[in-house]
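Below is one structure; the comments refer to it alone.
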Amino acid sequence: MTTHAIRITGMTCDHCAKGIEDSLNAFAGVKASVSFHEGLAKVETDDQVASDQLLKAIESKGYGARLLDDEGKTRSGNNGDGLHVAIVGTGSGAFAAAIRAVEGGARVTIVEGSEVIGGTCVNVGCVPSKIMIRGAHIAHLQAHHEFEGIPLHQPDIDRTALVRQQQARVQELRHGKYESILESNPGIHLLRGWARFRDAHTLIVTRTDGSEKVVTADRILLATGARPAIPAIPGLQDTPYWTSTEALIAEQIPEHLVVIGASVIALELAQAFLRLGSKVTIMARSVFLSKEDPALGEGLVKVFEEEGARILLHTLPDSVVHDGEAFILSSKAGELRYDQLLVATGRQPNTDQLGLDKAGVATAPNGAIVIDDHMRTSVEHIYAAGDCTDQPQYVYVAAAAGTRAAINMTGGDAALDLTAMPAVVFTDPAVATVGLTERQASDQGIEADSRTLDLENVPRALANFDTRGFIKLVVEKDSGILIGAQILAAEAGEIVQTAVLAIRNRMTVEDLADQLFPYLTMVEGLKLCAQTFNKDVKQLSCCAG
């Protein structure tokens, strides 16, 4: 008889362990016992059952499996064997890396100083903001829609109830996607405290009680995220302004809200409060979504003004004061008085307290950690992922970067290609983009061509009585290969992924136009826009082509 020890990852309960145990014991000549709490299977086999068969049986059920030797170490052949990986942060990038590093045979210590784990997205970012936006959208539809025969009415908003429901879902997802991972994965050890470098291989972790713990690691991943960036406006720091963090859990809807900022977070929350009943003024340093195709921002300005927002472009406050009752902002638009101020002018990497200079890790002027496409920093064994780096600040980019960093830390070779990275602004209509704009293509020396299809030419938009927006496709002029898409449409985020796949697979607009798209759907607009490169879609019957 041969005895095997197998490290198992991905179990969430004793029932998982029982299922694996039954699968292993189904082999003739096998006697297995599986412990959920230890993350371990102990298996006795005769010579007729190979260890690879046991591993495949476990993996076929969706779990990770690694064969251990008699000393409890992963067998040779795995380049992560025996490595200690320290990860600073507990957001999506950190957890994606931790899970993959353990699967690669490493031992992981994950360090977090905040009271809750999970990072920005689940706690104070993507999840609560989308819940708030959805609630505001439902309220807006009750008072504003185009369907005859359904009476319009202004709903009564119970903001306290909305926040309570929102935070319950946040807690549910935090447990399901983060806390339970720690509970089920014995290869990941959580250390509470704030980390800083002593040297390139050593972290000093300061606990809440003031005590310190030294952590020495073979590889280190920095995934510390970002926080709201606050502009240097005289008087602002002395006022009780909101950032997105406070706005998302505020139980009062301000009568008159002023928002400083005109990018993703500012516009999403401005429209949400507008639809929940606030009078909203938006002050923008330049224009809406200044880094995107100008037509996107211009389209949103029109929508926001139609919904009642006051838009002040190329205008920032010269000073801000709070007199105990209201915010007073002085600017070229005059002296303006508001009940509440929301500052949403971008996010700043959380790197200033890490002691990066002691490790020799290079940063950009804004504090972002500079990394290559393998997530390596300027120090060979130190990696970084997510919003603390110079990569785009999206949770799915952070997770993808964390996974690839772990692969590379444990001996693999994985790069992150952001050529076809989608981005969505969850306004209504929403903005979704991927690839290059015409201007960006020109800056890269690419001769481009484009077509824009107004949504009045998309049958589903007509059926919805909502033709706000457009779809624009950008192609290489000579080849017709799709290199960019810009979309302004309701639920644009549900449309853009088709363009992502088309760009990733170097499809031409002819290829895209030749695909079957279901009718009536908004994504059919991509096909129609592709057809406009050589046809007048107004002259086509439904689904033609």
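Residue numbers in this text run from 1 along the chain shown.
Positions of Cβ are set from backbone N, Cα and C atoms, glycine also.
As recorded in TrEMBL:
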DOMAIN    2-66  domain 'HMA'
DISULFID  Cys121-Cys126  disulfide bond
BINDING   Lys130, Gly346, Asp387  FAD binding site
BINDING   Gly261, Ala262, Ser263, Val264, Ile265, Ala266, Leu267, Glu268  NAD(+) binding site
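Here the features listed in TrEMBL are placed on the structure.
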residue: Cys121; record: disulfide bond; DSSP class: helix
residue: Cys126; record: disulfide bond; DSSP class: helix
residue: Gly261; record: NAD(+) binding site; DSSP class: coil
residue: Ala266; record: NAD(+) binding site; DSSP class: helix
residue: Asp387; record: FAD binding site; DSSP class: coil
Give me the CA-CA distance between Cys126 (disulfide bond) and Ile265 (NAD(+) binding site), in Å, as a whole number.
10
Here's one to test understanding: among the recorded positions Cys121, Lys130, Gly346, Asp387, whose C-alpha is closest in space to the C-alpha of Glu268 (NAD(+) binding site)?
Lys130
Can you figure out which of Cys121, Lys130, Gly346, Asp387 (the recorded positions) comes closest in space to Ser263 (NAD(+) binding site), comparing Cα atoms?
Gly346
Specify the count of other C-beta atoms within 10 Å of the C-beta of Ile265 (NAD(+) binding site).
22
Rounded to the nearest Å - Cα separation of Cys121 (disulfide bond) and Lys130 (FAD binding site):
10
Going along the chain, which residues six or more apart from Leu267 (NAD(+) binding site) have their CB under 8 A from its CB?
Gly261, Ile282, Phe288, Leu289, Leu300, Phe304, Val425, Thr427
Roughly how many angstrom lie between the C-alpha atoms of Gly346 (FAD binding site) and Ile265 (NAD(+) binding site)?
8
In the domain 'HMA' (2-66), how many residues does DSSP call helix, how many strand, and how many coil?
21 helix, 23 strand, 21 coil
